[in-house]
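Q: Please see the structure below; I have some questions.
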């Protein structure tokens, strides 16, 4: 069972709900130590004075901020501690916003929010249901790990999810970041063909369909070397295609995607497909009477059409 990373209370208006936060993610991470080649000797790093080369005790190290010209402002640890945010246990919602107002570029980390006790389960469920029904999310601030965070609280089924966010001045504007801004919005046949390609490639979001293949290959490499096996790699880097006529490339891509859709969609996938996706497949396969079919009828008709096309 996971341990909470923060505990306190969500407050909005006069309501207070004791809750705990649990990390919603588990990053793939393979740890390596460093060794001198040809030995089993670990490589360690030391804190040294760059002028004298002598090791410096941790207690004698202070922080300094570069102010230019080779000058620094030295800041003591106790000075930082004095202005650090207090260990607040309140997650205060200041406003509610439409969820689609939040640009994903502001999102940092995700946490599940859980009621801390049986008594807080009812107000927790009420807030969750109210957020789901309204389609809104709460904007809050709170302190975690001695740092003030901006956060978004939203409903995800019967669970509340908190996502820490960047502050406005932490997000770069395209105008100050990109070396060259795109031309004015495109239009015409190329856009229409690109929309056709997007529609043809549209499917349902299934997170389990995507895997971290690099981590898997690293794990396989480590296991093979542990067994003393010779390791060979045969994967060649994918070559970038030469730029050509955009309209022709889009048209050929649409035709290829349609052929792949007709051939590659196994029957098992249809059991998980939404009615909207089945309707799209039926339209691509030109199944007659599709507009009058329910979801199960669409699934059967698409499966039959795919078998006939195989």
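Our numbering is plain: 1 for the first residue shown, then up by one each step along the chain.
The backbone N, Cα and C atoms fix where each Cβ goes, and this holds for glycine too.
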Q: Which stretch, out of 191-214, 287-310, is listed as region 'Disordered' by TrEMBL?
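A: Going through 191-214, 287-310 one by one, TrEMBL gives region 'Disordered' for 287-310.
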Q: Do you know which of 123-173, 225-275 TrEMBL annotates as region 'Disordered'?
A: 225-275
Q: From 6-25, 26-45, which range did TrEMBL mark with transmembrane segment?
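A: In TrEMBL, residues 6-25 carry the label transmembrane segment.
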Q: Averaged over the whole of the domain 'Rho termination factor-like N-terminal' (269-310), what is the pLDDT?
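A: In the predicted model, the domain 'Rho termination factor-like N-terminal' (269-310) has a mean pLDDT of 82.
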Q: For the compositional bias 'Low complexity' (300-310), DSSP counts of helix, strand and coil?
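A: Summed by class, the stretch gives 10 helix, 0 strand, 1 coil.
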